[in-house]
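> Can you keep this structure in mind? I'll have questions shortly.
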Amino acid sequence: MIHLMIFLPLLGSLLLLATPKRWREEVAGFVAALTLGLGLLIWRGGGAELFSVNWVPALGVTYSVALDGVSLTLALVTAFMSFIAVLYAARRVENPGTMLSLVLAMETGLLGIFAARDLVLFYVFFEDALLPALLMLAIYGKPNRMRALVKFAAYTLFGSLLMLLSIIGVKYYGGSPTFALADLVQYPVRGASQTWLYLGFLAAMAVKLPLWPLHAWLPDFHEQNHDSGVPDVMGTLYKVGGYGLFQFALPLFPDASLELRPILMGLAAFTALYAAWIAFRQTDWKRLLAYAGLSHMGFVALGVFSLNETATIGAMYLLAFQNVYTGALFLAVGMLQERVGSVHTRVGGVMTQAGALGGMTLALWFASIAVPGLAGFVGEFSVLLGAYQVQPWLTFVAGLSTIAAAAYALTAFQTTFWQGRPLGGVRVADLRHTEWLVLGLPLAVALFFGVYSAPALNLIQPAVRGVLAALGGS
Amino acid sequence: MLTVPEVHLAPMLPILIVLAGALASTVLGFYLPRRALTIINLVLLVLSGVSMGTLWNSGATAFGGSLQADNAAILLGLTILIGSAMTLLVSLDTAYRARVSFPEFDAMLMYAITGTLLIAFSGDLITLLIGLEVMSLSGYVLATLQESRPAEESGLKYFLLGAAGSAILIYGIAFVYGATGSLNYAEIAARTAGLTPGNLGVLVGGALLMLAGFAFKVALAPFHQWTPDVYSGAPTSVSLFLSTVVKVAAFAGMLRVFGGALQNAPGWAAVLQILIAVTLIVGNAAALFQTNFKRMLAYSAVAHTGFLALTLLGTPGVGGAALAYYLLIYTLMTAAALAIVAALQRSERGMEISDLRGLYYRHPAYAVALAACLASLAGLPPFAGFFGKYLAFQAALQSGYVWLSVLAALASVAALVYYLRPAMLMFMPDRTPAREYAHGERTATTFTVALGIIGVTVLGILPNLWYGWVANPAIWGTLAGR
């Protein structure tokens, strides 16, 4: 079942190419829903056990996949948000065949990233998710996309090629027979080489997280993407850095993680505050959201780097649900753009005519700035709580960004949705048809997991405990 | 009394079949149209491949070990044949347009292939040299065959620099002979162990001269200057041949010499790593600034030389396998990319990168195929270029060349940028009129492109299909003969 879940979207994506134009949206929606359904079935069955076969025996590369704990949570969120993205793209994008195809192809890459338990396989999926993202930007992007594209790809490849060297190094210096995570953990690398390999691995993850100073691709990527926000949703899902660090870096480089902890936590805290500060000055909704996401990712990084149980659980929780509400916010921006023809934050007075859109957006922003009762709060609070026990001052600095978040979010919301309606502004329609679902479902999820976090925590907690216990506790 | 030397025909058969094609093209050219000759030659290439298949695991030799059909030779020979067949297929469609459609083109091509096979099958330095010269001389003619200024200029440049390279190589061979008293790879390898210090100095000098000579042939910087001009000045189907088959053969020779005969000789590896570093930097940096797509591919070929040469630094077991895998992949992806250029270009100067804008909306299949080629060249999975690059990194890293591997990784980032720009431009909407040759899509070219793309994709998803064959270290342990 797990293989079906991973590769079904890709099959669907290829199938779309052969589907007649008028049925494409239905087929894509069906495939995305089916993938989500499969994910829920796997979850009901208590996760998918490790499945491992040799892929390239001569190189020791295996095809090892599993979905449990953190990875299952993230896979479910991915499947859910891909479904939402398909739902919205089908209605919003003109002639959406190619876009839907790319969304589904990317979903396979993302699910693969979360399921992979072999470093080379992880790398392969890691890069595979990149291709559709690039194509989406190339085909549907705005005029300045070439710069954004090159920046995005160059940063990503810079990181991932260093990671590839680290991957080779981990196997070679550790003497493991295969690249499967289970084998690599058995044959750890010790000493200074572990630190160097960790740095190589970190390079890729820091780009993806992203972590200052490797974040510069992010705002351009989001700004230049299609107005509908669909590629942005997939882009938010692509922030797998925190997961990669948790799933691979911590078990493989325990000593190095401990050694570099203060520096990395400092970088993470700085990223959170710095991004929140920059976000405050943005006048483009997409850039604003990009920097807000960057700030949240600083939190995720803070949690993971702290090697503290509470904080790591919080980080994973935040990572999972940040995708939901930030993704939905990107779609809300897409809806705003459709109505007023701009993504500027000083539109003014939209609320008077599109009350539901404004209300939903505000509620999603509340989730994003960690208002209690919504999913963002559980994650951010746990991160702060846990990280405080390790580095109180750095955590204090990072904590300031929650205040900044309220400031930038509410200011931008106020100038767009309230304030005076400019004279001669077009009449703005409210939510229609599937748009209710597109914003409503993520909001419901954010609300549900903000109030009742047990289902997600039950998945995340044992996995985090397992990883940290292998480190010898913190 | 005259004694007849022992001659085994079997190991020579693959080469003789190709040579027969060359002779047939020379003679039958008076009676048959070129298209028929090309098809005959294609059939002969297949036959040659079949005869290689029958030699698998036989370890047959001829002329007392001067010619050896060991598994390494067969694997490299098959790669050469695949590249050659792709060249012939493309020339079926484009030779007429490039004004090189006469039997001599086929004859020269087949002579060149004979030379390349001789290099792959060589068991001593003389055979290697003969193969190299046959290949190079035919190559000079091929580059000049088209009646145009750029072709003449590129041919002359190729000839002058190539001849200098050959001279240096011969000088190196003389040195190695002087130091070890033998031309046979196995003998040389055996005698490098117990040399007097004086002889050792001569050997190191010989190895370095040979390295410089080979560096000319494979286009390692700073001996690469002829490449961009020749590759972009020659007709595209010739560029395809020069940048794939000739390079494969030259690397096969390097593998024989440095992985086999001079495996234990000191000095050359240290110099080679500097050459590789310079190649990676120069090739990738120069490719970044090209505006002509064909010229960019030429620089990309230089850059790939750097990656390919990384494998020579590995132990023969790891490095040989990596090289053999990478060479096939490199042949497939470069040939497919150049085949598309050959089909779509309006003139033999190739296309400007900006001309590619919106190609996806005019020739969707070619655009997707070219994007796949570029992704593979950049080393993105699931295309096989990824595993090629991976194996090259692995070979260098496991031999302790950490800084060089890191440099190679950084160079790949620059590579990604220049591969990405045309790849992405193709998918951007465009309202200006098409800038391609209107009747570009022809069956044989399309078949070649499909062959390349299917190969690159399948070998990327299931690398074991080819790597399983080449991975056996025993194949590469006996590079220098038994």
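Cβ coordinates are placed from backbone N, Cα and C, and glycine is handled just like the others.
Per TrEMBL, transmembrane segment is recorded for B:12-32, B:39-60, B:72-92, B:104-122, B:158-180, B:200-220, B:240-262, B:268-289, B:323-344, B:365-388, B:400-421, B:442-462. Summarising the annotation, TrEMBL assigns domain 'NADH:quinone oxidoreductase/Mrp antiporter transmembrane' to B:122-412.
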> Is it true that the transmembrane segment (B:39-60) and the transmembrane segment (B:104-122) have 3 or more CB pairs under 8 Å, sequence gap of 6 or more?
yes
> Restricting to CB pairs under 8 Å, which listed stretch, B:12-32, B:72-92, B:200-220, B:323-344, B:442-462, is in contact most with the transmembrane segment (B:268-289)?
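The listed stretch sharing the most Cβ pairs with the transmembrane segment (B:268-289) is B:200-220.
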> Go through B:72-92, B:158-180, B:200-220, B:323-344 and flag the stretch with the largest number of C-beta pairs under 8 Å relative to the transmembrane segment (B:442-462).
B:323-344
> Cβ under 8 Å to the transmembrane segment (B:12-32), counting only same-chain residues 6 or more beyond its ends: which ones?
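Beyond its ends, the transmembrane segment (B:12-32) has Cβ neighbours at 40-41, 44-45, 47-49, 51-52, 55, 62, 67, 69, 77, 102-104, 106-107, 110-111, 113-114, 117-118, 121.
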> Against the transmembrane segment (B:72-92), which of these stretches has the most C-beta pairs under 8 Å: B:104-122, B:200-220, B:240-262, B:365-388, B:400-421?
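It is B:240-262, which has the most Cβ pairs under 8 Å.
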> Go through the chain and flag residues at least 6 beyond the ends of the transmembrane segment (B:365-388) whose CB is under 8 A from any CB in it; none is fine as an answer.
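300, 304, 307, 322, 325-326, 329-330, 332-334, 336-337, 340, 343-344, 356, 359, 412, 415-416, 419-420, 422-423, 426-427, 440-441, 446, 449-450, 452-453, 455-457, 459-461, 463, 467.
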